[in-house]
Amino acid sequence: MSDRETWTSRVGFILAAVGSAVGLGNIWSFPFQTASNGGAAFLVVYLLAVTLIGFPVMLGEFVIGRRSERNAVEAFRSLGFGEWSIVGGLGVLASFVTLAFYSVVGGWVLSYIVGSVTGGYLGDAGAYFAAVSAGPITVAAHAVFMGLTIAIVALGVTDGIERATKLMVPAIFVLMGGLALWVSTLDGAAEGYAYYLSPDVGVIAGNLAGIVPPAVGQAFFTLSLGFGVMIAYSSYLGRDDSLPADGSAIVVVNTLVALLAGFVVFPVLFAIEGSIPSSGGAGTAFTALAGAFSQIPGGRVIGLGFFVVLLLAALSSSISLLEVPTSFVADRTGYDRTPTALGLGALVALVGVPTALDTGVLGWYNDVVFNLLLPLAVLFISLFVGWVADDQLAAELNLGSSFGSGFSSVWLWWVRIVIPVAIGGTLLLGIQSLLVKAGVLAAPIVLG
Ligand code: PHE
């Protein structure tokens, strides 16, 4: 076993975990998912999903990591259940595949930073997106983004990840807050807020089947659950602080950033378009926003600020995705992290190339992760926590916790029953949606 590092402080761990959680999911997907699922109606369901489903699963990953002090795969063996290592393996696979296309979108963001400086997207936002979203430029930008990711991970847990996220997370907050204030002065901002903040209960009631699965999926993704990230990060704790307290802080901050992103995106779009385009795919966010930035006074500066925030958010997440396979290989083989991160990162970059050449392929990677790998991994993690290693993990949750042992018993029963039922349903709907997309099923059978 190689010498394992530990976070230098509690805040260091929290910021690293927040850095992982806050990402493209919060700033790029969240506002647009909200828009295409009934505005504030989606928001309500999403907040419930994050609190009632995401948070307990996050605690599950934390206790696995902190108790075992091992990477996502070997953690299961170290707790005494080697046959469950496959669940960690699923997490490593999910991280690997996700990073491959996440980094391509990270590359798009780099191109939009360049576009804000050169004015490249000012004339024709659609043409700019077409030029940077698939093709040789995209491959190059993807390679640059992966290079940045690898560099940080190779530096190590404390010198790389902890140091980087300590700078990035506060910067994301300050810049995003500044942008939200600025756009509040735009004419038309009020309509944006109104749409964003007034839940239409009718929409929720009428579309529950359509809203719940994406909201649950988004809750897992935004909290970086199911990928082994939170197992890996909490394995570097080396101390017994209150995990429920740390987890709450992470969930709250992550949610605030997503909400703040809405306070930037909605006023901008309503000020210019008078409405928000419902999601027409991966590119809508980029084309709609770039189009709006080109018409707002000072829009290029807002655009630059926005895409820089997006880059910081994407990077602080991508490093956590690379950390999962890196910690596995480094723990297991005793190899030094630097060559390990480099080799694995290069492999991920290669796997991502098809998604940099065709946005349709990117959509497929995304769908397989969202509809299959992610719910499957979370389902197994919750079964493991609730039914297999339950006693030792509940005891672990009590260590350093100020919430009392009543909290851990409620948590345990919740993870045993409610979470598997919720995720099982999500998984079924996810598989169904994959089959429909692949043309195997002509139409959804359940909740069509
Ligand atoms: N949570 C990140 C986001 O919202 C994505 C992510 C998922 C990062 C899983 C790490 C692991 O963009």
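Here, residue 1 is simply the first one shown, and the rest follow in order.
Cβ coordinates come from backbone N, Cα and C, glycine included.
Heads up, TrEMBL stuff is auto-annotated, nobody curated it.
Within its own chain, the transmembrane segment (7-28) is flanked in space by residues 102, 105-106, 109, 157-158, 161-162, 164-166, 168-169, 172, 176, 218, 221-224, 229-230, 233-234, 236-239, 241, 246, 249-251, 253-254, 257-258, 261, 285, 309-310, 313-314, 316-320, which lie at least six positions past its ends and keep a Cβ under 8 Å from the stretch. Feature annotation from TrEMBL assigns transmembrane segment to 7-28 (among others).
The feature transmembrane segment is assigned by TrEMBL to 40-64 (among others).
The transmembrane segment annotation in TrEMBL covers 84-105 (among others).
If you look up TrEMBL, you'll see 125-155 (among others) marked as transmembrane segment. Beyond the ends of the transmembrane segment (125-155), by six or more residues, the same chain brings 99, 103-104, 106-112, 115, 161, 163-164, 282-283, 286-288, 290-291, 294, 314-315, 318-319, 321-323, 326, 337-338, 341-342, 345-346, 348-349, 352-353, 356-359 to within a C-beta distance below 8 angstroms of the stretch.
What TrEMBL lists as transmembrane segment is 167-185 (among others).
Same-chain neighbours of the transmembrane segment (215-237): 4-7, 13, 16-17, 20-21, 23, 25-26, 29-30, 33, 37, 42, 45-46, 48-50, 53-55, 57-58, 61-66, 68-73, 75, 88, 91-92, 94-95, 98, 157, 243, 250-251, 254, 258, 317, 320-321, 323-324, 327, 370-371, 373-375, 377-378, 381, 422-423, 426, 430, counting only residues six or more beyond its ends whose CB sits under 8 Å from a CB of the stretch. The feature transmembrane segment is assigned by TrEMBL to 215-237 (among others).
Annotation comment: TrEMBL describes 249-270 (among others) as transmembrane segment.
What TrEMBL lists as transmembrane segment is 276-294 (among others).
Remote same-chain partners of the transmembrane segment (301-322), defined as residues 6 or more beyond its termini with a Cβ less than 8 Å from a stretch Cβ, comprise 16, 19-28, 95-96, 98-99, 102-103, 105-106, 109-110, 112-113, 115-117, 121, 145-146, 148-150, 152-153, 160-161, 164-165, 168-169, 171-172, 175-176, 178-179, 182-183, 224, 227, 229, 232-233, 257, 264, 268, 289-290, 293, 341, 344-345, 348. Feature annotation from TrEMBL assigns transmembrane segment to 301-322 (among others).
Residues annotated as transmembrane segment in TrEMBL: 342-365 (among others). Residues 96-101, 103-105, 107, 133-135, 138-139, 141-143, 146, 149-150, 153-154, 281-283, 322, 325-326, 329 of the same chain lie 6 or more positions beyond the ends of the transmembrane segment (342-365) yet place their CB under 8 Å from a CB of it.
Sequence annotations record features per position, and here TrEMBL assigns transmembrane segment to 372-390 (among others).
Annotation comment: TrEMBL describes 410-431 (among others) as transmembrane segment.
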Highest-contact recorded stretch vs the transmembrane segment (410-431), from 84-105, 167-185, 372-390, CB pairs under 8 Å: 372-390
Annotated stretches the transmembrane segment (372-390) and the transmembrane segment (167-185) touching (3 or more Cβ pairs under 8 Å): no
Most Cβ pairs under 8 Å with the transmembrane segment (167-185), selected from 40-64, 84-105, 249-270: 249-270
Chain residues outside the transmembrane segment (249-270) and at least six past its termini with a C-beta under 8 angstroms from it: 14, 17-18, 21-22, 25-27, 30-32, 34-35, 43, 47, 50-51, 54-55, 58, 169, 172-173, 176-177, 179-180, 183-184, 186, 188-189, 191-193, 195-196, 222-223, 276-277, 285, 288-289, 292-293, 296, 302, 306, 313
